[in-house]
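Note sheet for the following structure.
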């Protein structure tokens, strides 16, 4: 009799994806982030589900419901801060995962890569809408500023913004729909992740050398399950340190003030993981130009496979490309720093130069 693991129609799929999956024998810890992202997603859906049970999506009570959750609900503060800092861990893993793909040429699996870019957009949209829900000052003004950018679209812009707002300003209707979408999107993301994995398992994993490893494969379990568990423990250690010792380190203190449409905070800025894109947006003095640059800064990932001209897939044996890659990383860190600074003399020009360099490296210098 065959093992049920290999004969049962449903368990067979799980077996071929996570247990008997042939994997290259030489993939490094940079390949752990896919599984960590899956764990982050599961964690976010779980904590989010329990948070949604206590949350009210109404402008009058949203802020108080979050406050009530932290004070009155059993371990509500753990749920809330796990969810908020879990989003930060999600983006850390996401950016490292993308960086790994860029460094080792994993983008040559075009379907997997494009699916990943769609996933990135979906996760960013979800995170943005989630940030609006506590209805603090930054939530309200962040939503106002970012949704207002759509008004830069010629001809339909103004109507589009009012359509998204459900009125003439960010108000009750906006909050309600953002909550609905924030609840729905993670499940759509889960489905897209399945497609992402489906495309990946068509080709098999890439490896650090960038050469085919078909002649040297090992089963995923136990080798990589153990390796992933180590990564999981390390991630949970960092997350729990954040949640239990300094849960507000990555947040904005302005968000502890209830939203007030009559009072603008001195510095409106998004969460840290959007600062690089925000800096690119601000570095262009024209509204439409800024919005285009913002969208292109992420959409540019789509064209990377077509810019690949090297005979080697991975950067492992290309020192010059490595220098450029780390220059790109440094540039993104600079942009992240600039995004959090006020719009004043030295920061404006640094942001503009960093934005130009970002696009230059990817389009002109890299290939």
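Glycine is treated like the rest: Cβ placed from N, Cα and C.
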Given ranges 55-76, 77-98, 143-164, the stretch to which Swiss-Prot attaches the annotation transmembrane segment: 77-98
Stretch carrying transmembrane segment according to Swiss-Prot (options 113-133, 260-280): 113-133
Which one of 178-198, 199-219 shows up in Swiss-Prot as transmembrane segment? 178-198
With contact taken as 3 or more Cβ pairs under 8 angstroms (pairs 6 or more apart in sequence), are the transmembrane segment (347-367) and the transmembrane segment (288-308) in contact? yes
If we skip the immediate neighbours and take only residues 6+ beyond the ends of the transmembrane segment (178-198), which ones have a Cβ under 8 Å from one of its Cβ atoms? 17, 38, 41, 44-45, 48, 52, 55, 57, 112, 115-116, 118-119, 122-123, 125-126, 129-130, 132-133, 143
Report the same-chain neighbours of residue 97 (heme b b566 binding site): residues 6+ apart in sequence with Cβ closer than 8 Å to its Cβ, ordered by sequence. 33, 34, 37
Output, ordered by sequence, the same-chain residues six or more apart from residue 196 (heme b b566 binding site) with a CB under 8 Å from its CB, or 'none'. 112, 115, 116, 119
Within 10 A of the CB of residue 83 (heme b b562 binding site), the number of other CB atoms across every chain shown is 20
